[in-house]
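These come from TrEMBL:
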- 231-241: compositional bias 'Polar residues' (COMPBIAS)
- 18-220: domain 'Cytochrome b561' (DOMAIN)
- 230-250: region 'Disordered' (REGION)
- 1-27: signal peptide (SIGNAL)
- 51-77: transmembrane segment (TRANSMEM)
- 97-116: transmembrane segment (TRANSMEM)
- 128-146: transmembrane segment (TRANSMEM)
- 158-179: transmembrane segment (TRANSMEM)
- 194-212: transmembrane segment (TRANSMEM)
Amino acid sequence: MIRITTQKVILHVAIFIIVALLPLVTATQKHAKKIIHECSDHKVLEPSPKLSFQIILHGILLWASMGFLMPIAILVIRMSNKEQNGRRLKMIVYTHASLQILSVLLVAVATIMSVINFENFFDNTHQRLGLALYVAIWLPFIAGIFRPDRGSKNRGVWYAFHWLIGVTVTLLGIVNVYIGLQAYNTKTMKSTSVWNWLFSIEVGVIAFIYLFQEKWQYIKQSGGILGNESVRPTDQEASPTQKKEISPMA
(Lines of atoms letter the chains of each structure in order from A; the text may use other names.)
(Lines give C-alpha, C1' and ligand atoms only; values in the text may rest on other atoms or scores of the structure.)
Protein backbone atom coordinates (compact mmCIF):
# COMPACT_ATOMS: atom_id res chain seq x y z
CA MET A 1 0.00 0.00 0.00
CA ILE A 2 2.84 2.39 0.92
CA ARG A 3 4.67 1.50 -2.29
CA ILE A 4 1.61 2.26 -4.44
CA THR A 5 1.10 5.60 -2.66
CA THR A 6 4.77 6.53 -3.21
CA GLN A 7 4.51 5.71 -6.92
CA LYS A 8 1.40 7.90 -7.22
CA VAL A 9 3.18 10.79 -5.50
CA ILE A 10 6.20 10.43 -7.83
CA LEU A 11 3.89 10.28 -10.87
CA HIS A 12 2.06 13.43 -9.79
CA VAL A 13 5.35 15.24 -9.13
CA ALA A 14 6.64 14.24 -12.58
CA ILE A 15 3.47 15.56 -14.21
CA PHE A 16 3.82 18.80 -12.23
CA ILE A 17 7.43 19.22 -13.43
CA ILE A 18 6.45 18.69 -17.06
CA VAL A 19 3.57 21.16 -16.77
CA ALA A 20 5.87 23.66 -15.09
CA LEU A 21 8.39 23.39 -17.93
CA LEU A 22 5.86 24.15 -20.67
CA PRO A 23 5.61 27.91 -19.92
CA LEU A 24 9.41 28.07 -19.77
CA VAL A 25 9.79 26.50 -23.20
CA THR A 26 7.12 28.82 -24.62
CA ALA A 27 8.79 31.85 -23.08
CA THR A 28 12.12 30.71 -24.48
CA GLN A 29 10.69 30.48 -27.99
CA LYS A 30 9.20 33.98 -27.69
CA HIS A 31 12.51 35.29 -26.37
CA ALA A 32 14.39 33.70 -29.27
CA LYS A 33 12.00 35.26 -31.80
CA LYS A 34 12.47 38.64 -30.12
CA ILE A 35 16.26 38.36 -30.37
CA ILE A 36 16.06 37.34 -34.03
CA HIS A 37 13.90 40.37 -34.74
CA GLU A 38 16.36 42.67 -32.94
CA CYS A 39 19.31 41.14 -34.78
CA SER A 40 17.80 42.15 -38.11
CA ASP A 41 18.53 45.77 -37.18
CA HIS A 42 21.86 45.19 -35.46
CA LYS A 43 25.20 43.79 -36.43
CA VAL A 44 25.54 40.07 -35.94
CA LEU A 45 28.14 39.09 -33.35
CA GLU A 46 31.40 37.94 -34.91
CA PRO A 47 33.45 36.54 -32.02
CA SER A 48 37.20 36.33 -32.21
CA PRO A 49 38.74 32.84 -32.50
CA LYS A 50 39.61 32.93 -28.80
CA LEU A 51 36.12 33.98 -27.73
CA SER A 52 34.55 31.47 -30.10
CA PHE A 53 36.65 28.69 -28.54
CA GLN A 54 35.64 29.81 -25.05
CA ILE A 55 31.94 29.81 -25.97
CA ILE A 56 32.16 26.33 -27.49
CA LEU A 57 34.13 24.99 -24.51
CA HIS A 58 31.56 26.54 -22.14
CA GLY A 59 28.77 24.76 -24.02
CA ILE A 60 30.60 21.42 -24.07
CA LEU A 61 31.23 21.56 -20.32
CA LEU A 62 27.58 22.30 -19.54
CA TRP A 63 26.39 19.63 -21.96
CA ALA A 64 28.74 17.07 -20.40
CA SER A 65 27.56 18.01 -16.92
CA MET A 66 23.79 18.53 -17.14
CA GLY A 67 23.07 17.02 -20.52
CA PHE A 68 25.00 13.77 -20.07
CA LEU A 69 26.56 12.98 -16.67
CA MET A 70 23.53 13.86 -14.53
CA PRO A 71 21.07 11.81 -16.64
CA ILE A 72 23.51 8.88 -16.64
CA ALA A 73 23.86 9.20 -12.85
CA ILE A 74 20.08 8.89 -12.53
CA LEU A 75 20.03 5.79 -14.74
CA VAL A 76 22.86 4.25 -12.71
CA ILE A 77 21.24 4.76 -9.30
CA ARG A 78 17.96 3.31 -10.57
CA MET A 79 19.82 0.01 -11.04
CA SER A 80 19.98 -0.27 -7.24
CA ASN A 81 16.20 -0.51 -6.78
CA LYS A 82 16.09 -4.33 -7.02
CA GLU A 83 19.74 -5.06 -6.32
CA GLN A 84 20.30 -7.51 -3.45
CA ASN A 85 24.03 -8.07 -3.78
CA GLY A 86 25.78 -5.80 -1.27
CA ARG A 87 29.00 -5.50 -3.27
CA ARG A 88 27.23 -4.53 -6.50
CA LEU A 89 24.95 -2.15 -4.60
CA LYS A 90 27.94 -0.34 -3.11
CA MET A 91 29.56 -0.10 -6.56
CA ILE A 92 26.36 1.39 -8.02
CA VAL A 93 26.13 4.01 -5.24
CA TYR A 94 29.81 4.97 -5.61
CA THR A 95 29.46 5.27 -9.39
CA HIS A 96 26.37 7.49 -8.98
CA ALA A 97 28.18 9.70 -6.46
CA SER A 98 31.28 9.96 -8.67
CA LEU A 99 29.20 11.05 -11.67
CA GLN A 100 27.43 13.66 -9.54
CA ILE A 101 30.69 15.06 -8.18
CA LEU A 102 32.22 15.26 -11.66
CA SER A 103 29.08 16.98 -12.92
CA VAL A 104 29.27 19.63 -10.17
CA LEU A 105 32.96 20.24 -10.90
CA LEU A 106 32.31 20.74 -14.63
CA VAL A 107 29.48 23.18 -13.89
CA ALA A 108 31.79 25.12 -11.55
CA VAL A 109 34.47 25.36 -14.27
CA ALA A 110 31.91 26.44 -16.89
CA THR A 111 30.50 29.07 -14.52
CA ILE A 112 33.95 30.49 -13.73
CA MET A 113 34.66 30.69 -17.47
CA SER A 114 31.38 32.53 -18.00
CA VAL A 115 32.08 35.06 -15.24
CA ILE A 116 35.62 35.78 -16.46
CA ASN A 117 35.14 35.82 -20.23
CA PHE A 118 31.51 36.68 -21.02
CA GLU A 119 29.21 39.64 -20.49
CA ASN A 120 26.73 38.51 -17.85
CA PHE A 121 23.89 40.99 -17.54
CA PHE A 122 21.38 38.19 -16.78
CA ASP A 123 18.95 39.82 -19.18
CA ASN A 124 18.07 36.57 -20.99
CA THR A 125 16.61 33.19 -20.10
CA HIS A 126 19.81 31.23 -20.67
CA GLN A 127 21.86 33.24 -18.18
CA ARG A 128 19.11 33.42 -15.54
CA LEU A 129 18.35 29.72 -15.73
CA GLY A 130 22.06 28.93 -15.74
CA LEU A 131 22.58 30.89 -12.52
CA ALA A 132 19.63 29.14 -10.86
CA LEU A 133 20.94 25.73 -11.96
CA TYR A 134 24.43 26.49 -10.65
CA VAL A 135 22.91 26.99 -7.19
CA ALA A 136 20.46 24.09 -7.45
CA ILE A 137 22.99 21.52 -8.67
CA TRP A 138 24.68 21.60 -5.26
CA LEU A 139 21.50 20.44 -3.50
CA PRO A 140 21.56 16.78 -4.67
CA PHE A 141 25.28 16.69 -3.91
CA ILE A 142 24.76 17.98 -0.36
CA ALA A 143 21.73 15.71 0.14
CA GLY A 144 23.84 12.73 -0.91
CA ILE A 145 26.38 13.51 1.81
CA PHE A 146 23.67 13.38 4.49
CA ARG A 147 22.00 10.22 3.13
CA PRO A 148 20.20 8.30 5.91
CA ASP A 149 20.59 4.54 6.21
CA ARG A 150 18.05 2.28 4.54
CA GLY A 151 15.11 1.53 6.78
CA SER A 152 15.63 4.64 8.93
CA LYS A 153 12.77 6.97 9.79
CA ASN A 154 13.78 9.86 7.52
CA ARG A 155 14.82 7.74 4.53
CA GLY A 156 11.53 8.26 2.66
CA VAL A 157 11.58 12.06 3.03
CA TRP A 158 15.23 12.18 2.02
CA TYR A 159 14.63 9.98 -1.02
CA ALA A 160 11.69 12.10 -2.21
CA PHE A 161 13.73 15.31 -1.88
CA HIS A 162 16.87 13.87 -3.48
CA TRP A 163 14.90 12.37 -6.38
CA LEU A 164 12.79 15.49 -6.95
CA ILE A 165 15.64 17.99 -6.97
CA GLY A 166 17.87 15.69 -9.03
CA VAL A 167 15.28 15.10 -11.76
CA THR A 168 14.25 18.78 -11.78
CA VAL A 169 17.84 20.02 -12.17
CA THR A 170 18.46 17.45 -14.91
CA LEU A 171 15.34 18.42 -16.88
CA LEU A 172 16.03 22.15 -16.56
CA GLY A 173 19.66 21.54 -17.49
CA ILE A 174 18.57 19.78 -20.68
CA VAL A 175 16.22 22.67 -21.47
CA ASN A 176 19.03 25.17 -20.90
CA VAL A 177 21.29 23.29 -23.32
CA TYR A 178 18.66 23.81 -26.03
CA ILE A 179 18.32 27.47 -25.03
CA GLY A 180 22.10 27.91 -25.19
CA LEU A 181 22.23 26.42 -28.69
CA GLN A 182 19.44 28.75 -29.79
CA ALA A 183 21.22 31.74 -28.24
CA TYR A 184 24.48 30.84 -30.01
CA ASN A 185 22.65 30.51 -33.32
CA THR A 186 20.89 33.83 -32.81
CA LYS A 187 24.01 35.75 -31.81
CA THR A 188 26.37 34.37 -34.45
CA MET A 189 23.91 33.20 -37.15
CA LYS A 190 25.84 29.90 -37.24
CA SER A 191 23.73 26.79 -37.74
CA THR A 192 23.27 24.54 -34.71
CA SER A 193 20.77 22.15 -36.29
CA VAL A 194 23.23 19.23 -36.26
CA TRP A 195 23.93 19.69 -32.55
CA ASN A 196 20.20 20.01 -31.85
CA TRP A 197 19.51 16.75 -33.66
CA LEU A 198 22.37 14.89 -31.98
CA PHE A 199 21.37 16.14 -28.54
CA SER A 200 17.71 15.24 -29.19
CA ILE A 201 18.73 11.70 -30.15
CA GLU A 202 20.76 11.41 -26.96
CA VAL A 203 17.85 12.67 -24.83
CA GLY A 204 15.51 10.24 -26.58
CA VAL A 205 17.81 7.28 -25.90
CA ILE A 206 18.19 8.25 -22.24
CA ALA A 207 14.42 8.67 -21.87
CA PHE A 208 13.84 5.25 -23.47
CA ILE A 209 16.31 3.58 -21.08
CA TYR A 210 14.69 5.39 -18.13
CA LEU A 211 11.25 4.05 -19.07
CA PHE A 212 12.63 0.60 -19.94
CA GLN A 213 14.16 0.27 -16.48
CA GLU A 214 10.65 0.44 -15.00
CA LYS A 215 9.63 -2.71 -16.87
CA TRP A 216 12.90 -4.64 -16.92
CA GLN A 217 12.29 -6.40 -13.59
CA TYR A 218 8.80 -7.37 -14.71
CA ILE A 219 10.16 -8.70 -18.00
CA LYS A 220 12.76 -10.78 -16.14
CA GLN A 221 10.14 -12.17 -13.75
CA SER A 222 7.76 -12.96 -16.60
CA GLY A 223 10.55 -14.71 -18.47
CA GLY A 224 11.36 -16.74 -15.37
CA ILE A 225 7.72 -17.77 -14.90
CA LEU A 226 7.40 -18.82 -18.53
CA GLY A 227 10.66 -20.66 -18.32
CA ASN A 228 9.53 -22.61 -15.26
CA GLU A 229 6.22 -23.50 -16.87
CA SER A 230 7.92 -24.79 -19.99
CA VAL A 231 10.13 -27.22 -18.05
CA ARG A 232 8.70 -30.76 -18.00
CA PRO A 233 10.47 -33.86 -16.60
CA THR A 234 11.61 -36.29 -19.28
CA ASP A 235 12.10 -40.02 -18.97
CA GLN A 236 15.83 -39.47 -18.62
CA GLU A 237 15.32 -36.93 -15.80
CA ALA A 238 12.78 -39.04 -13.93
CA SER A 239 13.71 -40.12 -10.44
CA PRO A 240 14.52 -43.77 -9.64
CA THR A 241 11.17 -44.09 -7.87
CA GLN A 242 9.33 -42.85 -10.94
CA LYS A 243 11.30 -45.22 -13.17
CA LYS A 244 10.44 -48.10 -10.86
CA GLU A 245 6.76 -47.22 -11.00
CA ILE A 246 6.64 -47.06 -14.79
CA SER A 247 8.93 -50.05 -15.45
CA PRO A 248 7.18 -53.30 -16.49
CA MET A 249 6.86 -56.01 -13.88
CA ALA A 250 9.16 -59.02 -14.32
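Placed from the backbone N, Cα and C atoms, the Cβ positions cover glycine too.
Remember, it's a predicted structure, so these values are computed and weren't measured experimentally.
Within the chain carrying the transmembrane segment (194-212), a Cβ under 8 angstroms from the stretch's Cβ atoms is held by residues 63, 67-68, 71-72, 74-75, 78, 174, 177-178, 181, all 6 or more beyond its ends.
Sequence-distant contacts of the transmembrane segment (128-146), counting only residues of its own chain at least 6 positions beyond either end whose CB sits under 8 Å from a CB of the stretch, comprise 24, 62, 65-66, 70, 97, 100-101, 103-104, 107-108, 111, 114, 122, 158, 161-162, 165-166, 168-169, 172-173, 175-176, 179-180. Within the same chain, residues 92-93, 95-96, 99-100, 102-104, 106-107, 109-110, 113-114, 117-118, 130, 133, 137, 166-167, 169-170, 173-174, 176-177, 180-181, 184, 199, 202-203, 206, 209-210, 213 sit at least 6 positions outside the transmembrane segment (51-77) and bring their C-beta atoms closer than 8 Å to a C-beta of that stretch.
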